[in-house]
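The domain 'Deacetylase sirtuin-type' annotation in Swiss-Prot covers 1-227. Positions annotated as NAD(+) binding site by Swiss-Prot, on the basis of sequence analysis: 9-28, 86-89, 169-171. As annotated by Swiss-Prot, substrate binding site applies to TYR53, ARG56, with the evidence given as sequence analysis. Annotated active site, proton acceptor per Swiss-Prot: HIS104, in sequence order, evidence recorded as sequence analysis.
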Amino acid sequence: MKNLVILSGAGISAESGIKTFRDADGLWEGHDIMEVASPYGWKKNPQKVLDFYNQRRRQLFEVYPNKAHKALAELEKHYQVNIITQNVDDLHERAGSSRILHLHGELLSVRSEKDPNLVYRWEKDLNLGDLAKDKSQLRPDIVWFGEAVPLLKEAISLVKQAHLLIIIGTSLQVYPAASLYTHAHKDALIYYIDPKAKNAHLPQNVQCINESAVHAMQDLMPKLIEMAS
């Protein structure tokens with residue numbers, strides 16, 4: 001089977017009702033990003049950070065995978081598929097995909113404030129006073145601005161092995177994820193799916209599809225299945 005790597009971003013989950021990462025005004029669901037998604041914000045007002053992520057975690061139980069998520073899961077019948085997602089939701093998992101690398105963490109897990117390897121699955125609200133086994137406060141298992149991306153090397157390794165790379169639902173503006181495609185083999189076929197794909201200044205070997213995730217995957221599926229054989 002050929003190796004297919006998917007790099008997914010907020011655009012694919014937006015079609016399930018999850019708001020995209022940031023609006024044009026630099027706010028994230030009405031919040032200053034640095035207030036709710038940085039070590040600075042956590043130190044300044046941990047309760048505000050917890051409230052923000054508790055709200056987002058609750059929202060997960062009100063949304064469902066869309067046809068684009070399901071199409072990517074369907075491709076496992078034809079390819080060795082690895083999904084590298086910038087999203088912190090679980091919609092790829094619920095759609096049926098089996099190999100998913102969450103580059104920026106997950107809403108449904110929390111970790112020790114002191115030890116990033118002490119991680120717990122968590123579906124309820126997280127509160128001040130909820131402690132890890134090392135007695136430190138639990139925090140969202142999210143890679144915040146200013147923090148290293150621990151799974152970056154693994155993601156780069158997957159991209160290097162890809163015969164085919166599909167970039168879907170990302171503006172390619174959040175680094176280091178935005179530069180992942182540059183690690184693809186020179187002979188790899190690359191598709192970039194985004195409503196504003198044509199505005200991106202990308203190399204000629206990247207085929208831009210100026211559509212939403214759902215529409216583009218519906219159109220592309222027959223070709224992808226044919227190419228797998």
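Every residue, even glycine, has its Cβ placed from backbone N, Cα and C.
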CA-CA, which of the binding-site residues TYR53, ARG56, GLN86, GLY169 lies nearest HIS104 (active site, proton acceptor)? GLN86
Would you say which of the binding-site residues SER13, GLN86 has the most Cβ atoms within 10 Å of its own Cβ? SER13
GLY17 (NAD(+) binding site) to TYR53 (substrate binding site) - Cα separation in whole Å: 16
Within 10 angstroms of the C-beta of ARG56 (substrate binding site), what count of other C-beta atoms is obtained when all protein chains are considered? 19
Count of other CB atoms lying within 10 Å of the CB belonging to GLY17 (NAD(+) binding site): 11
GLY9 (NAD(+) binding site) to ARG56 (substrate binding site) - Cα separation in whole Å: 16
Top of the binding-site residues GLY9, TYR53 by count of other CB atoms within 10 A is GLY9
